Each structure stands twice: as C-alpha cells, then as structure tokens.
C-alpha cells in the first residue's frame, strides 16, 4: 500500500534511468519505497560552466558554484544528504561553502534532505510561502496525499515572491511561480556560461498531476486555473537549457554522461506536452463523472 501511494504521489510516468553496476543504490526508507533509479548515485555531471547535476540518475539536484559560495537547487530524497555532500566535495565545495538552498517544490523526493543539509552546512533556505508551510510540516497533510510521503521538517529562512531575484556571487536567480503540481511549485532561472558564452538556464518544476482530482477539488478549488497559468509561465521562461526535477520529464538522461541532454526539450515543448497530457486527464475525469 505504501509503495502504491508513493507511485501515485511522485512517479510521473517517466522512463527509468539506467543504473550503474559500479554504484550501489542508496537504501530505501522503511516508510515508503521508490524506484531504484531515484536512489542510484552518480558523479557530478556538468550542465554549464558553473552548473552541475549532483543528485541521482533520476532525481535532479543542481549545484551552482559562484565566487561567493554555492547554491543548491533541490536535494532529492531524505537519504541523499551524504551523497550530495560527497559530490560537492568532489567539486571542491565544502559544507561551509553552501550558502543557499532553493526548491522546486516541497515533496519528499525534492526537499527530503533539506533539514539535514541545513544542520550540516549552515545553508539558508529560500522558498515561497506555500512551499515554506509544506516544508515546515515535513510534507504532512499534503493536499493530495495526506501523510503518505513525509520527511524531516525544515524551516525556510527567506520567503520569496513571484519574480523576486536572489543574487549570489554575481549569479542572479529569479523565482517564477508555477502553481499546480503543488501550490508552491516554482521555476528558477539564471544565466551561466558555456565556453564563455551566456546560456540561460531554466529549472522548471513538475507539470504533472499524478492521481489528482482536477475538478471540484475541495482543497484546491482553483487547481485547473493554476495549471493553465503555469503552462503559459513555462513557455515564457528565458530558456536556452531546460532542466526538471525528474529528468525524464524534459528528456534528459543523466546516465548517458556527455550526451545526457542530447534530446532535451525546450520550455515550450515541455509545457505543450504537459498541457496535452493534462487535457487528456481532465477529459477522462469528466467522462468518468457522467
């Protein structure tokens, strides 16, 4: 039952990444289990001159290195903290160097290790009000999944508004609210370089609605309207490179190494595909209600 709940809660019908025989997967939690690829360690993968994927083969955690310290966007599952710190060390980043943690949303597979990372590094967390509330509850009383996918709670240190910017070491991170998958879902954009040339990176949150009641949802009455706005928001992002919390959603394959982003989607293609799937889910729900 617990596995089934998590499958509805977090899995978004993505292709599993290939696992590596050289790396032993991180252990499953006792409370619930996830696909093994979500726990498959990987070495840091370079996305741009200062941006690295340091999570697992099927969960994104982005490290952005600046002259004034590092920024982490998402952390994956609760048991990933030590793996992330090891990958930071491989990039020359000490625990004290981690200054800021940003979130796509506050589900267990993206905010799971935040409490431990804060304790071990002293990093501050910035999130919008909706994500901050869910983070402080450790994912409990989720709008769709109740207490099925909890994790150690943590407090946000800074509440951000839509369009707000945070600058670390000359790199400007902009928050773009894209409510839907959760009310606090957020895309983050910044400009890095590749071989000295500017590249605009968009880290856009999930646009899936796995098992959600879309119409007449008593806990989220404006869900459909929020999703529609978020599809438009993602299409309009400054976006030379798109990454997503679950890499398969944007056609990244982290296990492919240097060719990991060879088939990556544009922001427009990502939003278009997600909206088409959403419309199909909505039509099926409507038909079932007749």
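Every residue, even glycine, has its Cβ placed from backbone N, Cα and C.
What Swiss-Prot records for the Zn(2+) 1 site is 105, 107, and among 181, 222, 246 the residue it adds there is 181.
Residue pair residue 110 (Zn(2+) 2 binding site) / residue 239 (disulfide bond) shows a Cα separation of 22 Å. In this structure, residue 110 (Zn(2+) 2 binding site) is part of a helix by DSSP. When each of the disulfide-bonded residues 239, 267 is scored by how many other Cβ atoms sit within 10 Å of its Cβ, 239 comes out lowest.
The recorded positions shown are 205, 239, 267; of these, the one with its CA atom nearest the CA of residue 105 (Zn(2+) 1 binding site) is 205. Restricting the recorded positions 107, 181, 205, 239, 267 to those with a CA within 10 Å of the CA of residue 246 (Zn(2+) 2 binding site) leaves 205, listed by sequence position.
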